[in-house]
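Asks: Have a look at this one.
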């Protein structure tokens, strides 16, 4: 019934107008699954490799026909006849077929597309929603959204160094109310920016990218927007930051070009500590560079008890790097991006390892997204409690939020919105 009868891949476009891979898996029973693969702008050096054609005559070298061909000509013939319910075995075969440590031969974009489409086809064959198929009867926790509504760094052309300023409506009573709070703050922020004569065009992830004077001014503007929307900062709505510090790291120092300041690793720890003392900041992602392990230890000792310290470039959804971080006491949370590691199985293993160590897991989109909503189902399946999927603006972001609204409605009384309990490893 769940035997794979065909696998087909094609090249489609992502939200930035760049090509990406879409895969369809067909089962003998009529079950069917489709998955599209996202792509990042600021990528960690240790991420699994996205295969691009490098043909300058097509899409500026960013075509993915090689990855598509690897699926149709190499992967499909191997997997046709396999049982779609055997996800771990299929993912093992995909990893083995590639044979490289970073999935650089077939391409992580090829492998992930197949891995996710297989899971969706299996769920379809069983007549189950994807979150229920992946998570079983205990999948019931809706996530606190981490909404990137103000952009700097690589996601914007402005003089703000910190890449993302986010709001987290952790004081809401349910997911629908949290989404409403985030959307109202987003619209309030637009009005605040307009009143200051600032640009309200949106960036890659749906957030605004005005030319603010400093990183601190960005935080102040966000607090004003929260208050003007009728919410209390630090009670209803909290702030999360993603400085993407690896992008600022030059020759062992952190260069804040927009502010004209260079900081050492120790000075970075002090900088974050001063902001946490002054503002209702609940989460900092990539507060230090991906290779500054000692700095991460210091940051975690200093702030790990009172703020979520998320490793993104630091861990790249990789269990080997996460294991090192756990041993060293570096960070207290991991960002989970399915395309950083390249299979569903490895993604679920990273989440499990994090939870066992008392780390929180934040399931995340990429800046180059599609209408695919798989991550919304994954975050509920594993009861992660947090999702990062952009502003409540641009359809490729909103698609994930709308899927979560549907899931909350379907779960009905069984649905749990954790609020501040999503940050279970912080001392309140």
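A Cβ is built for glycine as well, from the same backbone N, Cα and C atoms used for every other residue.
It should be emphasised that the depicted structure is a prediction, and the values quoted were computed from it without experimental measurement.
Feature table excerpt (Swiss-Prot):
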BINDING   163, 337, 366, 367, 388  (2R)-2-phosphoglycerate binding site
ACT_SITE  205  active site, proton donor
BINDING   242, 285, 312  Mg(2+) binding site
ACT_SITE  337  active site, proton acceptor
Asks: What's the CA-CA gap between residue 367 ((2R)-2-phosphoglycerate binding site) and residue 242 (Mg(2+) binding site) in angstrom, rounded?
Replies: 13
Asks: Can you tell me the CA-to-CA distance separating residue 337 ((2R)-2-phosphoglycerate binding site) and residue 285 (Mg(2+) binding site), as a whole number of Å?
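Replies: Approximately 13 Å lies between the Cα of residue 337 ((2R)-2-phosphoglycerate binding site) and that of residue 285 (Mg(2+) binding site).
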Asks: Using the recorded Mg(2+) site (242, 285, 312) as reference, state which further residues of the same chain have their Cβ within 8 Å of the centre of those residues' Cβ atoms, listed in sequence order.
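Replies: Sorted by sequence, the hits are 163, 164, 241, 243, 244, 284, 286, 310, 313, 335, 388.
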Asks: If you count Cβ atoms within 10 Å of the Cβ of residue 205 (active site, proton donor), leaving out that atom itself, what do you get?
Replies: 30
Asks: Near residue 285 (Mg(2+) binding site), which residues of its chain come within a Cβ-Cβ distance under 8 Å, counting only those 6 or more away in sequence?
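Replies: Looking at Cβ-Cβ distances below 8 Å from residue 285 (Mg(2+) binding site), excluding near sequence neighbours, one finds 164, 240, 241, 242, 243, 244, 310, 311, 312, 335, 362.
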Asks: Reported as an integer number of Å, what is the Cα distance between residue 388 ((2R)-2-phosphoglycerate binding site) and residue 205 (active site, proton donor)?
Replies: 10
Asks: Determine the minimum-neighbour residue: among 163, 367, listed as binding-site residues, which Cβ has the fewest other Cβ atoms within 10 angstroms?
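Replies: Each of the binding-site residues 163, 367 was scored by Cβ atoms within 10 Å; lowest is 367.
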Asks: Compute the C-alpha separation of residue 366 ((2R)-2-phosphoglycerate binding site) from residue 205 (active site, proton donor), stating it in Å without decimals.
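Replies: Residue 366 ((2R)-2-phosphoglycerate binding site) and residue 205 (active site, proton donor) have their Cα atoms 8 Å apart.
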Asks: Sorry to bug you, but what's the C-alpha spacing from residue 205 (active site, proton donor) to residue 163 ((2R)-2-phosphoglycerate binding site), rounded to the closest Å?
Replies: 11
Asks: Max Cα-Cα distance in Å among 163, 337, 366, 367, 388, the residues listed as binding (2R)-2-phosphoglycerate?
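Replies: Across 163, 337, 366, 367, 388, the two farthest Cα atoms sit 17 Å apart.
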Asks: Radius 10 Å, atoms counted are CB only; among the binding-site residues 337, 366, 388, which position scores highest?
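Replies: Most Cβ neighbours within 10 Å: 388.
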Asks: CB neighbours of residue 242 (Mg(2+) binding site) within 10 A?
Replies: 27
